[in-house]
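Here is the structure we will look at.
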Amino acid sequence: MGTHCSAWLRWPLLPLLPPLLLLLLLLCPTGAGAQDEDGDYEELMLALPSQEDGLADEAAHVATATFRRCSKEAWRLPGTYIVVLMEETQRLQIEQTAHRLQTRAARRGYVIKVLHIFYDLFPGFLVKMSSDLLGLALKLPHVEYIEEDSFVFAQSIPWNLERIIPAWHQTEEDRSPDGSSQVEVYLLDTSIQGAHREIEGRVTITDFNSVPEEDGTRFHRQASKCDSHGTHLAGVVSGRDAGVAKGTSLHSLRVLNCQGKGTVSGTLIGLEFIRKSQLIQPSGPLVVLLPLAGGYSRILNAACRHLARTGVVLVAAAGNFRDDACLYSPASAPEVITVGATNAQDQPVTLGTLGTNFGRCVDLFAPGKDIIGASSDCSTCFMSQSGTSQAAAHVAGIVARMLSREPTLTLAELRQRLIHFSTKDVINMAWFPEDQQVLTPNLVATLPPSTHETGGQLLCRTVWSAHSGPTRTATATARCAPEEELLSCSSFSRSGRRRGDWIEAIGGQQVCKALNAFGGEGVYAVARCCLVPRANCSIHNTPAARAGLETHVHCHQKDHVLTGCSFHWEVEDLSVRRQPALRSRRQPGQCVGHQAASVYASCCHAPGLECKIKEHGISGPSEQVTVACEAGWTLTGCNVLPGASLTLGAYSVDNLCVARVHDTARADRTSGEATVAAAICCRSRPSAKASWVQ
């Protein structure tokens, strides 16, 4: 995790501090750290008045920019910094800010070098300078934050094709409606041996090269060694014999050196190269394969988000550190399809003392052990490699095939189909740490059928938030992708001490929120995110009744159906807590909760959308209660009905609603105290009207 550094200095005290002591305080290597919702890094917050150059327009300027660096000390690159400017910063202002930093540094006797200016991916620049100048740089206008550069690494340490491509797809050629394959895959990796028979004529080796020097003065740059990782992955994606998407065009960008090591800044420049290529010569669908991982990087994740918004599909390796993938980038970026690795038995890949990463930031797993592919040793040689790089290459190939058949598929549609048609429940979850098992998907990738074979199936996925803090007011937030509808929200706490969940609008987007309770250890928010064409969804809530009555809420608009129920407790006293109830018999289409809870109903209208409730209860001791939707129906909402037992919460696993129970030791519970899981199941029949099925 690394050693954290944080400082907050009140400026009236600054004149009392010697300059050297002040600098040490600002750049201290130890102290309390700050952690982002989706990662681990070190952050320095400054709130200092600018006194640079005596300029009147800056005398009142207070720097609120932050300094971030990788939490893994050995991966840091001190002396090279990515200066990220505010999103609205104009092109001329970027250049002026870089020039201003150079000028002011020169006045203090420092020489700095601007290595690259980012215009197209995000506003900012890459600079080589002394750490003594960080305080100066953080106080410049337009600066949002500065991130110290750090290393990224390659993630590699014939059953694979049979596993992901069913027999009936093996001989198929994927082409767009006009008969051509227009998909292009960009590979950010080592160099590639383009003359290998597997990929000859299919790979364009660009002139892009942004790599650090190899470690060690005696390192011998043997060509076959330099090309090994990239050549192998290119063969996995589009090789003639061992490729997933045979014939797909591939562009090679060199961002990893002969030792498989690169930098965050080099990866950023590579992504901007792709963006510039888009702007100069628009083409068909683009897939970017990122078979590398470094420590959590806010700017690398932001760059992936910006590129994804242009229609590019990014696929990344989860990482080979047998750790939470959310601690690494680009794996932790929500806009990236993140892939873990499995072996021939569909079990997590072990690589010595390490292995595949896991957790809520992983979307699915794919073959990544002993994968046969092109070898750079000769133009006809093959070799096996292992790791999440190979797994990500498989999914990139699958995505390329899907886009070849249907070029208009969006990132949200691709991800939902990959999840829906994956092989489920084959991974032994005991391999993962206990606290990560519920968060890690039990999914192994397969090639989905085309749209006309899916029959208009309603597609949903479960999105977990980061774990909230332990304070009584700590909240967790789970978000769907912009194209998805948030159909329900639930929460989960390992201690059972939580104050519920609800849906609210933040920045024009509906988000799922969960609230921790006094004495709790933290809570997760669990969102159910679905693709519902032409949907019109809304949230209705009723405050706590507080009069010995149940709290009721239903869908107000005509033709709207209930897709989920949530609740938020107004009281701290857990002894009176009861979960909200979905009354499918006496009160169809309503959410009903305890008198002390505010209850929320998620309601949607879409052509042919129909929903119903399914319940299942157990009165005896049980760690969990489950209820599943039938074939043809999709789980959109999951919660637990009232009972005397304290529950840990409820969440969706594929088409299964899981209610977790706290006091499993009590064997004397009556039927009235049964724990009942309640699922809302929906389906889409475009020819029918929206309806509630009783």
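Note that Cβ sites are derived from N, Cα and C of the backbone, with glycine treated the same way.
Between CYS604 and the candidates CYS529, CYS530, CYS537, CYS657, Swiss-Prot records the disulphide bond with CYS537. Swiss-Prot lists a disulfide bond between CYS603 and one candidate from CYS555, CYS565, CYS629, CYS638; that candidate is CYS555. Checking CYS529, CYS530, CYS682 against Swiss-Prot, the residue bonded to CYS611 by a disulphide is CYS682.
Here Swiss-Prot annotates a disulfide bond for CYS489; of CYS480, CYS512, the partner residue is CYS512. Using a 10 Å Cβ-Cβ cutoff, CYS657 (disulfide bond) registers 28 neighbours. Counting every protein chain shown, the number of other Cβ atoms lying within 10 Å of the Cβ of CYS361 (disulfide bond) is 28.
Taking the Cα atom of each, CYS529 (disulfide bond) and HIS229 (active site, charge relay system) are about 36 angstrom apart. Compared over the disulfide-bonded residues CYS258, CYS537, CYS629, the count of CB atoms lying within 10 A of a residue's CB peaks at CYS629. Per Cα geometry, CYS530 is the residue among the recorded positions CYS226, HIS229, CYS530, ASN536, CYS565 nearest to CYS682 (disulfide bond). Cβ neighbours within 10 Å of CYS682 (disulfide bond), excluding its own Cβ and spanning all shown chains: 27.
Take the recorded positions HIS229, CYS460, CYS489, CYS529, CYS555: by the count of other Cβ atoms within 10 Å of each Cβ, the lowest one is CYS555.
The most densely surrounded of the disulfide-bonded residues CYS480, CYS530, CYS611, CYS638 is CYS638 (count of other Cβ atoms within 10 A of its Cβ). Compared over the disulfide-bonded residues CYS512, CYS604, CYS681, the count of CB atoms lying within 10 A of a residue's CB peaks at CYS512.
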